[in-house]
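A short worksheet on the structure shown next.
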Amino acid sequence: MKKKTTKKSSASKKKTQKSKALGTDLTSEVIGVTLIGFSILIIASVFTNQVGLIGTGIKRLFIGLLGIGGYILPFGMIIMGYYYIKHRLDKMFDFLFYTIPLLIMLVCFFHLISYGDHSTLALWSLDYFKTASYLNGGYIGALIGQVFLTLLGLLGSYIVLFVCFGVWILIATRFPILSWLGETFEEVRSKIQETLANRECRPRKEKKAKQPTREVLVSEGDLTYEEARFEEPKFEHPPIYLGVEPVKEPPLNEAYEEATTYEEPMIYNEPEVEKSMSKPNHHEQEMKHLMTDPEAPVSSVFDADEEMDGSLHHEIPYTFPSIQLLKKSEATAQKSSSRASLGNAKKLEETLLSFGVEAKVTQIHKGPTVTRYELQPKQGVKVSKIVNLADDIALNLAASGIRIEAPIPGKAAVGIEVPNESSEIVYLRDVIDTDQFTAFPSKLAFALGKDIGGKPIVADIGKMPHILIAGATGSGKSVCINTLITSILYKASPDEVKLIMIDPKVVELNVYNGIPHLLIPVVTDPKKAAGALCWAVNEMTKRYQLFADNNVRDMKGYNNKVTDPSQKMPSIIIIIDELADLMMTAAKEVEDAICRLAQMARAAGIHLVIATQRPSVDVITGVIKANIPSRLAFAVSSGIDSRTILDTNGAEKLLGKGDMLFCPIGESKPLRIQGAFVSDQEVESIVEAVKNTRTAQYEESVIESIVAPPVAIESSDEDELVVEAINLANGKDKLSISMLQRYFRIGFNRASRLMETLEARGVVGPDEGSKPRKVLNTTPITKGDE
């Protein structure tokens, strides 16, 4: 019986709740319909004289109280009735919040226009229904206008009303007028400065052309980067966050863009200027100049000869490529972007509210490809609840995919990153031609791109000290590597930084052959790549021995202690474009060398940049991951690949085309960046410019060492039978695994590993299938000679 009574009571409670809900819905609908009907009656009364005595009374009441506002108020009442019918009381209160102040300002303004200084008399003596053809503010407008006139006078009243109206527009539309005014002022100021700079530049160029020269001249395009920066004034401001507006870089002055390129260098002689039709040789220029000017210094001729011979290569100054070789982005104004972002913010709040999550959008940061909305949830709301609504938010915003950062490091907010409708390309010049890059103290500066707020991001390879780059095909890895190499060419000379490039794909890095920064030509053979890595390990060991002899801890301390510039050590950056191919051909040697370099090479000034398009655990092994702290992830296909690179999800939601997550050493959460773009044509022009300044001087000893068969990195777990196996091979033409099994009475697996060790040491040749291996080295050794 008790169960039946409880069931009946619960059912009755549900019925009463439903009836109450239906009653409240019906009440609001009745109020809405009544309000709309009464509004239509008021409109008919005000605009016509066909509603009888009641209509005349309504007209005198509304026009007498509000003047011209009496014509506007009924339409607002219709909107209120509509909100009542739709059960959107929150919308109705918002509508009243914006409409009532506007109506008060309008009736006050029309009263001041109608009566002006005579408003004191009009306040008590006039009939507001009959005067001025109803084009006044009514009694309410006269009452408020009288307060304004008494306190501020007529002119002051107009000023205050206009200010109040402007504030109302800002609050109602949320239009960032201050940002718009600031951008407009910056554009006007930059155009004025460009015009003045062009006027100053023309007479300076004419004066410079008339002056005789006594040195070997090169083209203006061959100016160093520091000289080019100070050649003409630049009008730059540091990048800032502009709410929802995109960050715009001010245009560089046109005088700076008129610098000549490398195709037609000129020599200025007395009294005329000679232009060569083809690309002149520096030595021929020097001889012509010496013939025309006997007082020219003779040392410059020998410098030109030394440049051709390469005997005193370190004395030739390195000329940085011109910034004009890089493409400059065109500023595109997106007027509707702020409104779209504000609309998305409102949709976001409504979507979360429909799922019972109360949160408010506090800030909006618009980047090149994504916009981040910073949400501040109400106290008591779980962050995990917002994260679980990612798909629902993407559906309501009609976005291809969103990424939620919960919480944002250093902020009490949750970040929701939504792709922009139209993305912007971040060109490499947008990052290199900024104070962040030019004033960067390290020579190993890496221009990554721009973050979500549009701020240029420059990283230091020396502090990483090694970086792992991974992502699917076409996500932007090769462009990122080109950006890294180009940043080095713009920042460091060949005496400061040397490069070793390993490119198993053959076609990606081959364009850099011949630049003076290369220690050896680009390595494309995977077996030679293992030898190059083994040479790097030996070079690291030699450097540490030099540090110990000079009582210093790292390369910086050694270079500060050495007085002879020729003995200073350059930093070495080893770039591997595809690790997966190397791991398939020489996994043991490559993995051992990478691990040793990653563990110890930082103080020796050797840094690894490893890229792969297959971020699986058999390519990026646990040992490699543990020793490479900095990670750079592009778009991947699954969350498993993302966790392999970053140890967290997120990379599978990236957009591709340079969209990346950068996690440097010491950071707990990755930073989202839109990578800088550099085209193949720009890379080729920069490489040609660098080749013209100095020819490449490869290290023959390094080339010889990598051509020789690479010796595996010795480890403590090497088989103790290696020496005896080498002695066994002495005097034999061939050696097989079965022979090692019978002689040493060991199993097949141990005999196979022993044979691979003999091959790595150059004792036997490569595998020939079922045939025994040929014995190459027949010199017997003892355990003491090992």
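Heads up, the Cβ atoms here are built off N, Cα and C, so glycines get one too.
Where the annotation comes from TrEMBL, it is an automatic prediction and has not been curated.
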Transmembrane segment range according to TrEMBL, out of 133-152, 573-592:
133-152
Select the range from 60-83, 95-113, 133-152 that forms the most Cβ-Cβ pairs under 8 Å with the transmembrane segment (21-48).
60-83
Of these binding-site residues, Lys477, Ser478, which scores lowest on Cβ atoms within 10 Å?
Ser478
Once Gly471, Ala472, Thr473, Gly474, Ser475, Gly476, Lys477, Ser478 are set aside, which residues in the chain still have Cβ within 8 Å of the Cβ centroid of the ATP site?
Gln613, Phe634, Ala635, Gly656
Minimum Cβ neighbour count within 10 Å among the binding-site residues Thr473, Ser475: which residue?
Thr473
Tell me which residues of the chain lie with their Cβ under 8 angstroms from that of Gly474 (ATP binding site), as long as they are six or more apart in sequence?
Gly656
Tell me which residues of the chain lie with their Cβ under 8 angstroms from that of Gly476 (ATP binding site), as long as they are six or more apart in sequence?
Phe634, Gly656, Lys657, Gly658, Asp659, Met660, Gly675
Can you name the residues of this chain that are 6 or more positions from Ala472 (ATP binding site) yet have a C-beta less than 8 Å from its C-beta?
Gln613, Phe634, Ala635, Val636, Ser637, Asp641, Gly656
